[in-house]
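To start, the structure itself, in structure tokens.
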């Protein structure tokens, strides 16, 4: 861990630097795979599954039998935990439903927005060591609440052609329409273009490695929308002397265990807390199964001592963390001053794990400083707000003459004429 | 105009096809300009202004004097029209303010969203024959309502180094912070990276030619968010025999005059209306100053006769038009069935021009079928919804055990430990 004591403002940029993500070098590989999937569909997907996931598939869709088997294989304890998380996610995202109100901007001129679900969405769940069933809940639950007609999920199978039972169970609970055995770039291509078995969708969600990220970027240039750009996961903890060093250390470590490129930042006004947290990190780290990963990512972590809470707030706003934990006296007042963050955790009893799994907020959040411009996934991510306007003869009489002037000054006479014809009609 | 009578469902794809947008071939040129702007800042911007806009600039910022001159140069009539449009846009976008409510997902677990303005936004307004001051209003007004701290506007100057007075006047009315004389790829680069005089922003909005579009795509891969992908402007009119052929023709023509690649589609259940509209288009076209442009884009326009209103609704949903005008009996019921569109205009007295200028809705809308996944610009486009959660000791006691199970099943022991430590603490 890198300890930085009372840095100058001029050094913040260097201190808050993130690793450079260059997916440009993958472009050729990714475009090659996408091109074949676009042209050859399922055949190409199956070939790439054999090549990358070492599995020979004869069909991609998960069958009813496989769903039933999965349901049996998940323990009662895990089922109960999944249901609790699902219910909280459902409650919070249901509260985000948008009711457009009709607004009369002038007499006879009425405008409104209506939220309409994106008809077809695709969810990508990575494979690898951990079965990310929590991400299934985070993406499929709001998609279902929004009313998406088709919710497709792709995830790579293991070498025996199976998908983690917990993923299939979570998919059923949250209301996924269809699950397919496909991973990596080929899965992104399949959902972007459609294949014989995998439907084309209009928006793709979900995490992935650098190849998946590059593929999502590539298809988003023309064929499909994506949730947001991706980068390594990250946490910033803003703490004063009232914070519990063991808790702070555990929060830093839960980020550090994600991956070797995880970003971990502590900003504190208390030298005592900083030192005790360091000691606690060492102590807790020794007990972790994913110690090697956490140790690696801690190498580039930063513990920063600042002169005041105001300075600390400014620093985390400049960093724009995916997750921000505020463990300070009067944390509610501090939270009011946060302008750049994905999700904020308040007080000593709100660890990042709570939001990762079960508080109800979404864990698909903007990384890499993208929180300055992007929101995390919410119900909004699964709808479009279509605008409507209804102008009456009275309304066009009121706004028509202004439109004629505006159109004429932009040299758009046909625009003007569409109004003039209506104004001149004997009503 | 291409008349298509009772097409088969299988032919829709071909009928509804849009021109292929390939900005890939511009990639090298665009990357070259962006790279120089990133490295050389203002110097590069000025050199490109000389090269592309044929103007030698010594500074990029529009001065107070230039704003004052512009205000004098705009006619009283145009000022009044701009104010009327501004007020309606302001009224409608103000109504979109988001108030997050606190939701208790379980006792002691509280979650909420808060809308926070993007701190710095950049607006691009193209040059060319028409001064698009209406787009200034459409972008700057919601940015100001959202509370964006810095609203930067770039637009190319004419050969004498001046910017259209109407653009500068609209920028003042809507609350733009700073206007810079820069166009094209160099303007996009300047706002994405920042230069000596032009601030770096977090999100770039606004229309542009294919170079601007390609530049926005390019910078959006890493450096900055953008409003949405772009394509040629388009209108679909859905009409039955109750529609007024002169009005319908004028709406098709106001789209056609935008550019030679504008997309114009009429879907109707009435052969009589179709034929009368054709005749009206010919009649009105002859009188238009931008006749040559409109004629060219009408060449690829399509007038489609369908068997039923249901079929017509399905066809426009498949097309997902940027603008949809519904001129039918009981248009409100038809509107309920629209799932893919940017903005919808209801009834005979709601021409597209109304929304383009002054009804209050935004005219920055998804083209090229992107309405299937994207919304138009709204107040939402200028904020992020940050999520917050506060878990009390009681709350963690309720959800903690489930989090422990979920984390353990994803093999994330540090995540589990962050909860266990809190559960085990003597409270």
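These residue numbers are counts, starting from 1, taken along the chain as shown.
Using N, Cα and C of the backbone, Cβ positions are placed for all residues, glycine too.
Under the heading active site, proton acceptor, TrEMBL lists B:322 (among others). Mapped onto three states, the DSSP output places residue B:322 (active site, proton acceptor) in coil.
Taken from TrEMBL, the feature active site, proton acceptor covers B:323 (among others). There are 27 other CB atoms within 10 A of the CB of residue B:323 (active site, proton acceptor), with all protein chains counted.
The NAD(+) binding site annotation in TrEMBL covers B:124, B:186, B:209. Note: residue B:209 (NAD(+) binding site) has non-local neighbours B:126, B:184, i.e. same-chain residues 6+ apart with C-beta under 8 A of its own C-beta.
According to TrEMBL, the substrate binding site annotation covers B:233, B:255, B:258, B:323, B:356, B:410, B:415. Remark: residue B:356 (substrate binding site) has B:134, B:254, B:363 as non-local neighbours, by Cβ distance under 8 Å and separation of at least 6 in sequence.
The Zn(2+) binding site annotation in TrEMBL covers B:255, B:258, B:356, B:415. Around residue B:258 (substrate binding site), the C-beta neighbours below 8 angstroms that are at least 6 residues distant in the chain are B:232, B:233, B:293, B:297.
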Lowest 10 Å Cβ neighbour count of the binding-site residues B:186, B:233, B:255 is held by B:233
Students should find that the recorded positions B:124, B:233, B:322 with a Cβ under 8 Å from chain A are none
A correct count of other C-beta atoms within 10 Å of the C-beta of residue B:415 (substrate binding site) gives 30
Among the binding-site residues listed as B:124, B:255, B:410, B:415, the Cα nearest the Cα of residue B:322 (active site, proton acceptor) belongs to B:255
The most crowded of the recorded positions B:322, B:410, judged by neighbouring Cβ atoms within 10 Å of its own Cβ, is B:322
Residue B:255 (substrate binding site) sits from residue B:186 (NAD(+) binding site) (Cα to Cα, rounded, in Å) at a distance of 29
